[in-house]
Amino acid sequence: MRSPSQRRVPVRAAIAVMALSGMLLTGCSSSTNEPPASDELDGLSLEELKAQALEEGSVVVYSFTSRIAAIEAAFEAEYPGIDLIGHDISATEQVARLKAESASGTTTADVAYIADAPIVIRDLVEPGILLPYVPARVADALPAEHSAPLPANRLSTKVLLYNEEANPDGPPVANLWELTEPEWNGKVVMVDPNVRGDYLDLMTEAVLRSDEFSSAYEELYGKSVQLDDGIQNAGEQWIKMLYDNGLILVDDTDAVNSAVGKMGQASPPVGFSSYSDLRDNEEEGWALQVAAGVAPASGIVFPAYLGLVAGGDHPAAARLFIDFAMGDDSETGGPGYAPLYVAGDYPTRTDIVPPDGALTLDELAAWVIDPAETITIRSDVADFLLTLE
Amino acid sequence: MRAEPALRGEAVRVSPGDRGKRLRSWLTNPVAVLGLVTTAVLVVLVVMPLIGLIGTTLGTDGLDAWQKVLSGRLAPNLFWEPLANSLVIGSATAIGSVLIGSFMAWLVVMTDAPFRKTIAVLATLPFALPSFALALAWETVFRNDLIGGRVGLLQDLGLAVPDWLAWGTVPISATLIAHYYSLTFTLVAAGLATVNGSLTEAGEMAGATRARVARSIALPIVLPSIISGAMLAFAEGVSNFAAPALLGLPVRFQTLSTRLYGAIATGETERGFVLALLLIAIAAMVLFASTRVVGGRRSYATITGKGGRRSAISLDRWRWPLTLLAGLIALATTILPGLVLLMSSFARRTNSLTGGFTLHFWIGESDPGFAQGQRGILLNPTVIEAIWTTIGLGLAVAVCATTLGLAIGYVITRLKRPKFLSNALGILSFLPFLFPGVALGAAFIALFGRPIGPLPALYGTFAILVIAGAAYTLPFASQSGRAAVGQIATDLEEAATMTGAGLGRRMVRVVIPLAARGLLAGAVLVFVKMIRDLSLVVLLVTPATPLLSVMTYRYASEGFAQFATAITVLIAVISISATLLARRLESAAQPWSEAT
Amino acid sequence: MNVAEPGIVIEDLRKSFEGFNAVRGVDISVPQGAFLVLVGPSGCGKTTMLRMLAGLEQPTGGQIRFGDRTVATATGGSIAPGRRDAGLVFQSYALWPHMTVQANIEWPLKVAKQPSGRRKARVREVLELLGIAQLASRYPGEISGGQQQRVAIGRMIAPAPSVLLFDEPLSNLDAKLRVETRSELVRIHRATGATSVYVTHDQVEAMTMATHVALMRDGVVEQFGSPDDLLSDPASSFVATFIGTPPANVIPAVVSGGVARSGGKAIASLPPSVPTGPIDLMYRAESLRLAPGPAEGVLAAEFAESTPLAGRFLVSASVGGKRLSVIADDHPRVLAGDRIWIGFPGQPDGLFDSATGAKVLLEWAAGSPL
């Protein structure tokens, strides 16, 4: 464990105004720029971690999903004597809270379970607020892209969904470019990417995959794509044409799902949403189906990270929790993973079998985003989208 | 002839040599001391977060955000158009709320309309409902097939609903008016209740028509309440996110609040803060202008030491038409959205009233085949605990904010010198409205994250939620405090001063009892605002303090819309109960004013 | 009552609000037990004076003494309102609407930390003195204006202050009640033995109640003295036209060769010592006569109204836009707007400088009642 002096901000006596401005000028505060001390805990075995964690007695987890409650119960059953305190906080607010806590030296959490990977990398990983810890036990089964900069235990999706009742023979489109045609005017729904980060990631990926959009265009129309004035590449061109074709923006995924999925519609729209939402079809009276195999891809797959909070009070228990949340050695990841084991979401570990009732990742044919690359142009894409409305 | 108020900061002779003495004599004035203390509190609660907010936007990214927001190719879509939309929505909300709220208040307080009491109760309730319930109610009736999925009643009946009626400015404004007219109603009714009957009778004796009496006698007296109500409605309208997000986005109708929310949600924090600062600046200007319009005269003393009875204005043949109109407004803005909300919580399918109903979301036992095995909320011990924590938080914040609001209202109305102090207090106490909850929350983590002198670190405690909540709800508390104190004639206090009673005693025995009604009304607004607010508490809350609003969010984000709705119903029920209870207390608190 | 004992002494008292001089140097001294009335038109500074006496305003110059205690000085060190041993009745009464009559009157005693038994006894005593014992448990909103007024007085006198301050206390009462309450107030004043200061714009109240009157105008005392002093020997044309029922007439005239002319008519001959030029002549209403028709020394006037007054008639008419009052034996029997004639049978009752309004002292006038 690091000594307290390393953690404390030197300007301790500074007046509160300074602390405040300093805090909000995130990333400039001295405490967050300290290089993480090399930590011998990373090398401990599970048993050694457990022993130390029992001494620590508890672990505080910020989680972007409410399923933390179920994971908490499972964890406490597995490790009696270690109290897991789970906070259910959205990714956006986790970022704000972790930054503020770090800057004011009031680190509260030990582990952050968090989506919005690109922002996490920029705002939490790069300043050293979140640190990676990949349990040796699972390291071999975790592909490199899912173990750094932070380990991910699960992948979620934003893919093109359609109404299976109205289109019993399969997806109504085979190519995303078709959505820019008059037939689909006003019939494509998604959450405003300027309101929700995962949709912005989807748009960003489209720009990053411009070459594939370009080929898909040629495949469909037999000619190369013409770029409008001020448009840099085929991805932007697709986005622009989609917006110009009456793209409907809504405020949350439920609105997308019910618009696309509601039964009894003569010509339902299509829309981008989570593959795992298909599990609500029966309950909600939806006929959602994924448009797997559309060119150039059906959408994106993105990670949920497990990050170790720098300077947390329960470093051993934190590692124990990450180990637990990565899943045990069974085929389904065991009780720690069970709450996340849902058709339409994907385990990152190659040795955990994806849940039944969903296409494999290969069949889904969606792009797995590289958050580190996404963040390089994400703001520019957001700006680009702003010019389209 | 009104006497000059005596409680001014006394120090007059303007000779430079006297400065020290002047200051000293000013400082011996307890009202001045109260003013200084209040200012200091506001500095912590408002100014420091504001400085933090500004500080964030002065880094490289921040300056870049300023540039992008204000000029360049993004500015029109990022700022100017949303600004125009926000101003339209804000103004429409303010004007609509004032018209409807004042009309209802007048009808209920001043006339002999039948069912006055019922209408009065109903009119206070829309604010206790979540704004998305009203937006949902609008959708239930007017939604067309623009998006796809379900449609509203009219479209179901085969009527084509045009987009302008289903989406954008009209439905957003209508929804917000339906929500916030109860704010103006509450404030104006409190103001009208103090209009001495002899004033209006004097007008009628002088041969003025009733309309003229209403316009030239009652109106000026309640003008301060109306302005307060309009300002609150404007700020609420401008900062509301749910209504424009639900009803505006499909036609790409963006407001500053959707832009602000979006910027923060997509990681463009600095940009969001720049938008927030601009919003704050605009609101401050609007507030400043409105104070100018009423010539700095924020209130008329209508609670005086002269007694008077009120007699109802007879409506004659307008009695029933006006009652019907008010009744319809009240029903359409309370019962309809209330029912939609309640039914949604029973609906088997999200936001669908045609897919069958179930009690599962309320009292269902865990069933693996249903809602992923989640139990009904009333069987969930965390929910039950959250109910009590939420009520506790609401009460604590209401007490703190109202106390602070009383102090602010008192200083503003009683301390005439220096003028800038009361002006500054007035504007400062109005701004927290427009702070993004995230920014305010982060600021409080910074402020109270570690021990300050002898004070322990408050972060992670219930106390920080209360402090932040008091800051956040200050606009309600200070507006009502100001109106309530302003209505008390200064000579009532001077009479107490003459007997040798000090500031504390005057407060407890004269000001608070006389302001009780207005303060209570403000406290309810604070309570209601607090218990349903999410953005602020989510940053400060701990698992030890589960709150209903956080649970709503938790369920909603997991796709359990009905659970979320059911908890929203709980919040609404608590809010409504508080509102009704407060009405009972109001009458109980002021037996003398009910005397006939 | 020892008349020589100082009651209230006001020295060079000044008050300015943000550059506006409300009170500009007032000196008044009355003995203990006096009933001082500050009278004057709206905005003359009388209420500001009273509030400085009460301690609700701080003077910006001068000082105030109650007996031998200095209670207010401009340089600070003023005594707080509650410690001045003074009570104030507000124009609006300022009764606390949320307290019963009993509680209103009892409050000052509570603040003074009197024991409960003594408080109750005193309240009863006061209620009885004012004849409102039956109202004790009512709220102010439930009683009449006159009763509220009594409660306000009761609240003031309950702690038996040695200085009573009244701010136009009768202005909210109807005419009949006002007359009754005037004598009631004087009775209470005498019963308490306190020194009273009473502010009003109604000179009748001043004349009927005061032992001392200070007529104020624009922040200064125009004249200070007994009611009789002001009436019989007004120091200026302003005093002359403000005081009296009816007030005296002041007629502008031009003197030349010992003859005063108004509207071209010679109406009075004056001693040669009166300088040539404009001058104001004071005539009391009883010094004028109605004339049967145009004649030398008679002015034409437009009849306005005629009020019966103790067996005679008070006739109002206007001459060149200026209203004159005449006491006549008979009603002129004409209609409003008709022409009547007013005669000036004797010497004027006083002369005032037409520019300053100040009394002009004449050698021949000295000692002789004009």
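Our numbering is plain: 1 for the first residue shown, then up by one each step along the chain.
Using the three backbone atoms N, Cα and C, a Cβ is placed for every residue, glycine included.
TrEMBL lists B:83-290 (among others) with the feature domain 'ABC transmembrane type-1'.
TrEMBL lists B:387-582 (among others) with the feature domain 'ABC transmembrane type-1'.
Among the features that TrEMBL reports, transmembrane segment is placed at B:31-54 (among others).
The feature transmembrane segment is assigned by TrEMBL to B:83-107 (among others).
The transmembrane segment feature in TrEMBL is assigned to B:119-138 (among others).
Sequence annotations record features per position, and here TrEMBL assigns transmembrane segment to B:172-195 (among others). Note on the transmembrane segment (B:172-195): residues 88-89, 92-93, 96-98, 100-102, 104-106, 108-110, 120, 123-129, 131, 134-135, 138, 217-218, 221-222, 224-226, 228-230, 232-233, 236-237, 240, 243-244, 247-248, 253, 302-303, 310, 329, 332-333, 337, 479-480, 483-484, 487, 517-518, 521, 524-525, 593 of its chain, located 6 or more positions outside it, place their CB under 8 angstroms from a CB of the stretch.
What TrEMBL records for B:216-235 (among others) is transmembrane segment.
Long-range contacts of the transmembrane segment (B:272-290) within the same chain, counting only residues at least 6 positions beyond its ends with a Cβ under 8 Å from a Cβ of the stretch, are 50, 53-54, 56-57, 62, 65-66, 69, 79, 83, 86-87, 227, 230-231, 234-235, 238-239, 256-257, 259-264, 426-427, 430-431, 433-436, 439. Residues annotated as transmembrane segment in TrEMBL: B:272-290 (among others).
The annotation transmembrane segment is assigned in TrEMBL to B:320-343 (among others).
Long-range neighbours of the transmembrane segment (B:386-412) within the same chain, counting only residues 6 or more positions beyond its ends whose Cβ lies under 8 Å from a Cβ of the stretch, are 31, 34-35, 37-38, 41-42, 298, 421-422, 425-426, 429, 462, 465-467, 469-470, 473-474, 476-486, 507, 511-512, 515, 519, 522-524, 526-528, 530-531, 537, 545-551, 570-571, 574, 578. The annotation transmembrane segment is assigned in TrEMBL to B:386-412 (among others).
Taken from TrEMBL, the feature transmembrane segment applies to B:424-449 (among others). Sequence-distant contacts of the transmembrane segment (B:424-449) (same chain, at least 6 residues past either end, Cβ-Cβ under 8 Å): 35, 38-39, 42, 44-50, 52-53, 56, 231, 235-236, 238-239, 260-261, 264, 272-273, 276, 279-280, 283-284, 287-288, 291, 298, 405, 408, 411-412, 457-459, 464, 467-468, 471-475, 477-479, 482, 533-540.
Taking Cβ pairs closer than 8 Å, the transmembrane segment (B:455-474) reaches residues 42, 45-46, 49, 392-393, 396-398, 400-401, 404-405, 408, 429, 432, 435, 437, 440-441, 444-445, 448-449, 525-526, 529-530, 533, 536-537, 540-542, 545 in its own chain, all 6 or more past its ends. Per TrEMBL, transmembrane segment is recorded for B:455-474 (among others).
TrEMBL lists B:534-553 (among others) with the feature transmembrane segment.
If you look up TrEMBL, you'll see B:560-582 (among others) marked as transmembrane segment.
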Stretch-level contact, the transmembrane segment (B:119-138) and the transmembrane segment (B:83-107), CB cutoff 8 A, at least 3 pairs: yes
Same-chain residues near the transmembrane segment (B:320-343), Cβ under 8 Å, at least 6 residues beyond its ends: 100, 103-104, 107-108, 111, 113-115, 118-119, 122-123, 125-126, 129-130, 133-134, 136-137, 140, 178-179, 181-182, 353, 357, 565, 568-569, 572
